[in-house]
Each structure stands twice: as C-alpha cells, then as structure tokens.
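Asks: Before I ask anything, here is the structure I am working with.
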Amino acid sequence: MVNPTVFFDITADGEPLGRVCFELFADKVPKTAENFRALSTGEKGFGYKGSSFHRIIPGFMCQGGDFTRHNGTGGKSIYGEKFEDENFILKHTGPGILSMANAGPNTNGSQFFICTAKTEWLDGKHVVFGKVKEGMSIVEAMERFGSRNGKTSKKITISDCGQL
C-alpha cells in the first residue's frame with residue numbers, strides 16, 4: 001500500500017505563496033490519515049479548502065484546520081465532532097512533521113499543525129500522522145507571517161487542496 005499524498009496551495013492575503021505536499025502515514029495511523037485526506041479533498045461536503053492558518057509561531061509550528069469558526073475553537077472530523085487518539089507510534093522529530101491539534105486526550109477534530117522545529121514535548125500527547133514531502137520552503141515563508149503569540153500579520157489561506 002502506498003501512503004496517500006495531499007497538497008495545499010497557500011496564499012498570503014490572496015497572493016500565492018506556493019504548494020505544500022504532505023505524505024500521510026496511513027500505514028501507521030490509518031484513521032487519522034483518512035480524516036486529513038478526506039478533509040483535503042472535501043469529498044464529504046466539508047473540509048480545508050478556503051480555511052486559514054489561524055496560529056503561526058515562528059520556530060515552533062503553523063496551525064490550521066478550523067474550517068467552522070476560523071479561530072481555533074472549531075472544526076470537525078469526518079467521523080463526527082471528535083475522535084480518539086489512534087496511537088503515538090510516530091514522534092515529533094523535526095521540521096515538517098504533521099500532527100493533530102487537540103484540546104486534551106481523544107479530542108481530535110480537523111485542526112492540525114505543521115512543525116517547524118523538533119517538538120518532542122508533544123510526543124504522546126498529539127498524534128503524528130504525516131510529513132511535508134515537498135514545499136518546506138513554503139512553510140518557512142508562512143512562518144514569517146507569524147508572531148510569538150501566534151497572530152498572523154497576513155491571512156494565510158489554503159486556497160485549494162486535494163489528493164495527488
């Protein structure tokens with residue numbers, strides 16, 4: 001089985017930054033990977049297209065995936081509001097790691113973050129389910145619009161997304 005690849009086309013205040021491609025680790029975390037894949041294609045009638053990265057902290061991570069409230073309090077999974085932590089096999093080993101944001105144990109929805117550093121303190125708390133395959137320079141460009149409190153200086157949006 002080949003792990004799926006999905007893409008995000010990113011804009012900053014409507015100006016194209018470029019494309020980020022992710023490999024989703026369906027071989028290790030099939031349920032979590034499938035959620036992100038289906039939210040990227042929009043095949044269930046809702047998903048990431050048009051949503052933004054509401055929290056970007058340089059040297060830490062870029063967080064997005066709240067397509068219902070757009071502020072970090074919303075989002076939902078393809079399995080309903082929330083789903084359980086699948087496993088913690090994969091670790092936050094460095095830049096480019098894709099992991100689920102949550103509000104405590106077993107509260108996965110649609111919010112995720114892309115690490116821009118090694119974040120080992122998140123191991124065992126957040127489910128790692130993918131990595132940046134291409135376009136890490138785009139993630140670094142996104143990071144430049146972040147701040148220490150996470151507020152972005154430009155609106156960083158997923159203008160298009162899907163499966164490759």
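Just so it is clear, glycine is given a Cβ too, placed from its N, Cα and C backbone atoms.
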Asks: Say a student had to find the N-linked glycosylation site annotation in Swiss-Prot: which of Asn71, Asn108 would be the correct pick?
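Replies: Swiss-Prot records N-linked glycosylation site at Asn108.
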Asks: Near Asn108 (N-linked glycosylation site), which residues of its own chain have a C-beta under 8 A away, given they sit six or more steps off in sequence?
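Replies: Listed in sequence order: Thr32, Asn35, Ser77, Lys82, Phe83, Glu84, Asp85, Met100, Asn102, Val127.
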Asks: Provide, as an integer number of angstrom, the distance between the C-alpha atoms of Lys133 (N6-acetyllysine) and Lys28 (SUMO2 cross-link).
Replies: 17
Asks: Which one is it, among the recorded positions Lys28, Lys44, Lys76, Thr93, Lys131, that lies nearest to Lys125 (N6-acetyllysine) by Cα separation?
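Replies: Nearest by Cα distance to Lys125 (N6-acetyllysine): Thr93.
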Asks: Find the one among the recorded positions Lys28, Lys76, Thr93, Lys131 whose C-alpha lies closest to that of Lys44 (N6-acetyllysine).
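Replies: Closest recorded candidate to Lys44 (N6-acetyllysine) by Cα: Lys76.
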Asks: Validating a neighbour-count step here. Other CB atoms within 10 A of the CB of Lys76 (N6-acetyllysine): how many?
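Replies: Lys76 (N6-acetyllysine): 20 neighbouring Cβ atoms within 10 Å.
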